[in-house]
Every structure is written in C-alpha cells, then in structure tokens.
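**Q** First the structure, which I've put down as structure tokens, then a few questions once you've had a look.
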C-alpha cells in the first residue's frame, strides 16, 4: 500500500470535489453535508499525513508544473473547510485563522509557480489546470459569507474574471493546438471550472448582483460545461491515474453555480430543473466513480 503512505498531491482535487459535492447535495438533504465532510476529511487526512512523512517527495512533486498547477486545490479545500467550521461554531477565531492561512498559502503557491514556470515561459508548462492555479483562489470569494471578507472577495472576483479571459486562449492552444499527453487528458475537465466558480462566487460575495452579469456568467459557464461534457466519454476511456481527480470539482461547481443562479433568477421551469438534475446526477456519478477508484488505488497491495 505504498500509495497510501505516499499519496499523490493531485489527490487534493478529490478532497475538494468531495467536500463541494457534499455541500451541493446538502441543499436537498442536510445530512449529505456531514457525509461529504467526513469523506473529504478522510482523503485530506491521508494526504496531509503523507505530505508530512514524505517532505522531500512533496518538494519534488511541486517541482513538476502539472502537479504544482493542480495543488491549489489543497488550499481551496482548506478555505472551504474553514468556512464550514466558521458556520458550525458561529465564528470561532480558529476558523478565521485557518481561512487566512490557507488563503495566503494559495497566494504563495501562485507566486512560486509564476517565478518558476511562467516568467521563463515554455509551452511545456501550460496545462488546462492553469484555470485552477490562477482562478481557484476565487474560493476566497465563494466563502466570503463565512469569512466575512466580502470586499476582498469582490476584488478577487474581478481579478480572477480578468485572468480567466487571459489564460483561456493559452489553455486552448496548448490543449488543441500543441496537444497533451494521454495521461494528462483528464485535465481538460478543468476548462469548465473557472467561470462556474466565478458565477457562484459572484452571487456569494456581492450584496446586489447585477442580473446582466449573472446571465453572462450563466451562459459562458454552461457553454464551457457543455464543451467538456461532449468530450467526457473520450476523456474517461483510459486506465485510472491520479489525474482523474480532475473529474470531480469542475462538474460539482458547475452544478452548484447553476443551482445558485436559477434560484437567484427565479427560473424554476421544467427545462431548467431537468438540466440541473442532469448536472447533479453527472457530478454524483463522477465523484462516486473517482472516489471508489482512488480507494482501490490507495489500498491496493502492490
């Protein structure tokens, strides 16, 4: 069980996807929030212990541009966990402290990646997960109601929206112009994450969201979601590897943002509800599949 003792850092994406999935289902049945927290903490705990026990290997993994670009999910999970802790405790100081530590850790990782992989630009260092690297910090905006950092969240939203417009052409050229290795193909799923995260963040952090902006984010995020979904059979048609964690959070946040947007706009028609149900069911299937595959990967006797 060598993978259990030294898990891959990209497993943090599964922790984030599982935790977010629990929050999504909790809007239907509250107990799913606790189940999601427990399932995510199990994965997150294994990862934390593995990182501490294998510091040198952790450093080596972070020298790889693909892994480093996915690792912001570790800090995003931490911010989301901190926000849930703040809600449960009614604003305990420890929750604010951990939220800030994870937020600052995310900033440090972005700065590290820019210094090591962006300033000396090479297409070899460009991946679809740049959307996670540069826009994932919008989790600070999504969790603003718990951290009470609304102004910071609003600033981050606008910065991340601009960054999304900048990095999407790079992501597209690398993926469809230059090409990705077969093992990296699941990373394409992250194309649908940034605008969905920004859509949910906008509704969470702004006191009076503008309908025009909400609709713009809805249309653009759903177009990217559809763009990824049509590729999904091809992306899934390969042997499991740790990069499959990319199949979790992007689909969960897409369903979450759609649900939040429909509620805000009051669009409760049958067509919209069928679309939402489809996205929730797809997210359920993907998170369940990847979580089970990861458990087999971690506990296999090889």
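Glycine is treated like the rest: Cβ placed from N, Cα and C.
Annotations per TrEMBL:
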type	residues	note
TRANSMEM	31-53	transmembrane segment
TRANSMEM	65-86	transmembrane segment
TRANSMEM	92-113	transmembrane segment
TRANSMEM	125-144	transmembrane segment
TRANSMEM	150-172	transmembrane segment
TRANSMEM	184-205	transmembrane segment
TRANSMEM	211-232	transmembrane segment
TRANSMEM	244-266	transmembrane segment
TRANSMEM	272-294	transmembrane segment
**Q** Could you pull out which residues elsewhere in the chain have a CB under 8 Å from any CB of the transmembrane segment (244-266), counting only those six or more residues past its ends?
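**A** Same-chain contacts beyond the flanks: 10-14, 16-18, 20-21, 23-24, 27, 70, 73, 129, 186-193, 196-197, 199-200, 203-204, 209, 211, 214-215, 217-218, 221-222, 225, 228, 235-236, 272-273, 275-276, 279-280, 282-283, 286-287, 289-291, 293-294.
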**Q** Would you say the transmembrane segment (125-144) and the transmembrane segment (184-205) are in contact under the rule of three or more C-beta pairs closer than 8 Å, pairs 6 or more apart in sequence?
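**A** The answer is yes, given that the two segments have at least 3 Cβ pairs within the 8 Å cut-off.
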**Q** Same-chain Cβ contacts of the transmembrane segment (211-232) under 8 Å, 6 or more residues past its ends?
**A** 188-189, 191-192, 195-196, 198-199, 202-203, 250-251, 254, 257-258, 261, 264-265, 279, 282
